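Student: So TrEMBL lists the following for this protein:
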| type | residues | note |
| --- | --- | --- |
| DOMAIN | 273-473 | domain 'FtsK' |
| BINDING | Gly296, Ala297, Thr298, Gly299, Ser300, Gly301, Lys302, Ser303 | ATP binding site |
Amino acid sequence: MDELEPLTAGAMQRFLATQGSLDNLPMAVSLRAFYHMTVSGVPEQVHGIARALIAQLATLHSPEDLVIATVASRGAAEQWEWTKWLPHAQVPGSFDGAGTRRLFGDSLAEVEELLRGRLEGRTRFSREGQPLLDQPHLVLVLDGAMVPPDSAFAAPEGLQGVTVIEIVSGELDEPRGGLSIVVRSGKLQLESQVAGYDGTPDTLSVEAAEALARQLAPLRMGGDDDDEPLLANLDFTELLGLGDAGSVDVSRTWRPRSLAERLRVPIGVSEDGSPVMLDLKEAAQDGMGPHGLCVGATGSGKSELLRTLVLGLAVTHSSETLNFVLADFKGGATFAGMSELPHVAAVITNLADDLTLVDRMRDSITGELQRRQELLRSAGNYANIHDYEKARAAGAPLEPLASLVLVIDEFSELLTAKPDFIEMFIQIGRIGRSLGVHLLLASQRLEEGRLRGLETYLSYRIGLRTFSAAESRTALGVPDAYHLPRCPAPAI
């Protein structure tokens, strides 16, 4: 400055005086630089600024990069209930009665147990430490909660990749290390060991925070531009492209289907979000086969799966092309209301209370198999239903012959009461393919040896969570179904 001539030096001084500082600039905090933050002061404003901070973090960071856990006393819980909606607060693979578990509670020990996997392998905090590339940054909000001495968060030096944000309503008795954010009379003070700043607090109401969290709730990380859209959050009608379930246009959904589309229906979604299709056509037609097995323990979602399968086929096939016989040995509510479908020839329940119904069902099925055999023979000695349908499509004066799907729920108990019924199942397995008769056997339990002689005909297997590893091995050949999460839906 001394080397400048006076006019230029004066202009430089005026410029620096005017532009040396700018008002109303954002005050940014790097969470990676602090293992502990304290927000204290006027209670209403303390919660408002803490909510704004968490809301910004959740909005600007994906759940793959950031995990948010909240421990609040019962008196403070209403300030933080909204965080349950954040995808950053979910515990993947862990479920309770309300669905996926959330990192929220009034006990740090309870929440820390859910975080156990996230805390493993984290070293002591260091300002010079490199960001963890294989784990998300963890933010723990403490509001009125105690930290037990044996907690991983009790370490005075902190953990790498973890920031504890402690909420203190009122004045802070003594500094607690890390960064201190103090709110007084509408003013904000940021204080750390190396610097201090003053500013205006940015606050957010509970209502605004919850509205934001609800908007973020269904969002997940997308893939490449050419990835298929995720379907994991689609319900039954969306998966089938039906729109409003109350106004389904059957003239559209029952349209004649191509061979590839026939007897093919979505029954769920895979881990990558793509639809899981069940194709009842034989392997020669690129299907999974005409007959199958479904095993699932109580509460595994077996009944819901069977209903989804039946309704999915009924809404996409006319009664001229597909019929059902639905049987429930124990008389549960699996097929309740489905007798109203035009496709359903019979709904048979409470077989356990009247075993004569089992004999009548066997006679009816035997009669239907014989009728189909005679129809194919008298119509022109057709080898199978596919040849019959080809001739009919070519103009032959033949009556429609609908495929028939037999769904037998709790077949294992049926075989306990009527062991010789296995011969009927084997007969369907042997000749059902050519006659257009499909068999799906479902049960809560499956003992080893129960399927004697029938295994070779069951071309597809669906395993929901089982009661034991042995039952999973009997159904699938592997114990994996026993280790599925204890919630409805997951299947192999």
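Using N, Cα and C of the backbone, Cβ positions are placed for all residues, glycine too.
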Student: Which chain-mates of Lys302 (ATP binding site) that are at least 6 residues away have a CB under 8 A from its CB, listed by sequence?
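Tutor: Cys294, Val295, Gly296, Asp409, Ala442, Gln444, Leu464 - these are the non-local Cβ neighbours of Lys302 (ATP binding site), listed in sequence order.
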Student: On a simple 10 Å Cβ count over all chains shown, which one of the binding-site residues Gly296, Gly301 is most densely packed?
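Tutor: Buried the deepest by this measure is Gly296.
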Student: Need one number: mean pLDDT over the domain 'FtsK' (273-473).
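Tutor: Here the mean pLDDT over the domain 'FtsK' (273-473) amounts to 90.
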Student: Among all the protein chains here, how many other CB atoms are within 10 A of the CB of Gly299 (ATP binding site)?
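Tutor: If we count other Cβ atoms within 10 Å of Gly299 (ATP binding site), we arrive at 13.
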Student: Under a three-state reduction of DSSP output, how is Ser303 (ATP binding site) classified: helix, strand, or coil?
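Tutor: DSSP assigns Ser303 (ATP binding site) to helix.
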Student: Mind checking which of Thr298, Ser300, Ser303 has the fewest other CB atoms within 10 A of its CB? They're the binding-site residues.
Tutor: Thr298
Student: Please list, in sequence order, the residues in the chain of Ala297 (ATP binding site) that are at least six apart in sequence and whose C-beta is under 8 Å away from its C-beta.
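Tutor: Expected: Gln444, Arg445, Leu464, Arg465, Thr466, Phe467.
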